[in-house]
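What TrEMBL says about this one:
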- B:R83, B:R127, B:I128, B:G129, B:T130: phosphate binding site (BINDING)
- B:Q206, B:R208: substrate binding site (BINDING)
- B:C78-B:C85: disulfide bond (DISULFID)
- B:43-290: domain 'Nucleoside phosphorylase' (DOMAIN)
Number of protein chains: 2
Amino acid sequence: TTPPEQQVQVKNPHLDTMEEDILYHFSLGTKTHNLPEMFGDIKFVCVGGSANRMRAFAQFIHQELQLPGNSEEIRDICEGTDRYCMYKVGPVLSISHGMGVPSISIMLHELIKLLHHAHCRDVVLFRIGTSGGVGLAPGTVVISSKAVDHSFHPQFEQVVLGKVITRSTELDEGLANELLQYSTELQDLPTVIGNTMCTHDFYEGQGRLDGALCSFSPEEKLEYLRKAHEAGVRNIEMESTVFAAMCRVCAAVICVTLLNRFEGDQITTPHDVLVEYQQRPQVLVSHFIKKRLGLII
Amino acid sequence: TTPPEQQVQVKNPHLDTMEEDILYHFSLGTKTHNLPEMFGDIKFVCVGGSANRMRAFAQFIHQELQLPGNSEEIRDICEGTDRYCMYKVGPVLSISHGMGVPSISIMLHELIKLLHHAHCRDVVLFRIGTSGGVGLAPGTVVISSKAVDHSFHPQFEQVVLGKVITRSTELDEGLANELLQYSTELQDLPTVIGNTMCTHDFYEGQGRLDGALCSFSPEEKLEYLRKAHEAGVRNIEMESTVFAAMCRVCAAVICVTLLNRFEGDQITTPHDVLVEYQQRPQVLVSHFIKKRLGLII
């Protein structure tokens, strides 16, 4: 199937009047870099929290697409700054975004402007991340049907000049279904579609009992998680609402669960098992990219 | 003057019942590491967004305290993860926290538990960061009297099990005044005390006209900044409210301004000038530490 035409569009009338645009947190700019030449052929953008993981993903996709050159020698395009890492592998861009909504939000503003300045078209965006599971076995991959806030509503509250406005966090249903279909073609990739709750805190905000601060009981924690599960929440992470609000039409969120929050709060799974879990969203997205590029049928 | 007795206290009755505490985002734990031996002598904790900057600070303080060994060989204690970087130099701990409230909040939960497990006492915490100035010349250092939210109120909204609660973000007045006094003993360190506004977004949330999204006019932007200035706001960053809410009594926020937001939104200052600006909070905190340790009178 042919993907629908997707354009990356900035919604800011002031941008056209600027003589230069410095993408400060990427250490890139319209005067210092030829962005159309560097990025014009990008069709897939994959983002995730950890810099090491997004470098590993770039090396993995380099091998999967059988591109020439040594995948070990992939260069960080943002080496002028340590805020984010960015790797380009053929038509795939792999970027780290740190933890939490504000951190990914800065990256997305500059990414969307980058794709705009580079005249990119038909770009699909993926967030591949880690999460806590809600009633799922650890290692399950969750494709988000929508991102919801702490009250289980599909909305993102953005402050603009001191006033709170609300944006929708629905995601691309067709893209989610396509990914779920592809997951059945792969081994060891237990995958579900569900709602993803996005919080602004890892401890109190996600009902953990093991933070530096905790004022609630284990029973109150479980009641909150049960309510979340009833509302369709299958995993909890910290970036999906703003990712959905800013990217929407051509975007998917694919996170593996590292633990089942009904069973505990601490991540006690051995390191090598966690490493394998974290590769699962990468394998699924790689499969999707190869399908779209016609490398597999 | 003798500092008041300060203890790092966790407020979580569940922690004592845990057999092991894994500080996941530090890649440290109570069973795998001897935390009292590793960290028991810590008296000063300095945190900042950028990993490179906090490594540079660790090397700088190593030289300033004239400690033995090669400051180039300082090891990242959190090398098992790329979420944060951590360096220990004598009684000083230097940690990166990424960008935004959620990112620093995860770090602070695990830091406070770390200091608790290590039985640390009389610890002073500093956030040394960068910020946008409001009506100040670029390069000015702002010591925060208090951290305020987007409505200029000294409060931090925390979601706990889906309910919003409010915490105070007042900071240690004595510590701020002591720092301001020390700044007068140093050259090229223009310093003021003022309110620091903490936002959850770098672009729309801070009234920038140069993001991927912008729905307001230059006049509306300036009106918001003028109101902030009238409310005592002298700089804008993205971490101070939760830092103040979680650390408070023994904590200070010291940020240099990289630009004057009344003059523009983009950071166009040359790289070497920015590097010098970013050293200013480090120089001030180093001076404070040397005073407290009796290395200078």
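Placement of Cβ uses the backbone N, Cα and C atoms for every residue, glycine included.
TrEMBL labels come from automatic prediction, so no person has curated them.
You'll find the Cα of B:G129 (phosphate binding site) roughly 15 Å from the Cα of B:C85 (disulfide bond). Long-range Cβ proximity for B:I128 (phosphate binding site), meaning a same-chain Cβ under 8 A and a gap of 6 or more residues, is found for B:C46, B:V47, B:G48, B:F57, B:I254, B:C255, B:P281, B:Q282, B:V285.
The number of other Cβ atoms within 10 Å of the Cβ belonging to B:C85 (disulfide bond), over all protein chains shown, comes to 22. With an 8 Å limit on C-beta distances, the binding-site residues from B:R83, B:R127, B:R208 that reach chain A are B:R83. In the predicted model, the domain 'Nucleoside phosphorylase' (B:43-290) shows an average pLDDT of 97. Ranking the binding-site residues B:R83, B:R127, B:R208 by C-beta neighbours within 10 Å puts B:R127 at the top.
There are 22 other CB atoms within 10 A of the CB of B:C78 (disulfide bond), with all protein chains counted. Separation of the C-alpha atoms of B:Q206 (substrate binding site) and B:T130 (phosphate binding site): 14 Å, rounded to the nearest whole number.
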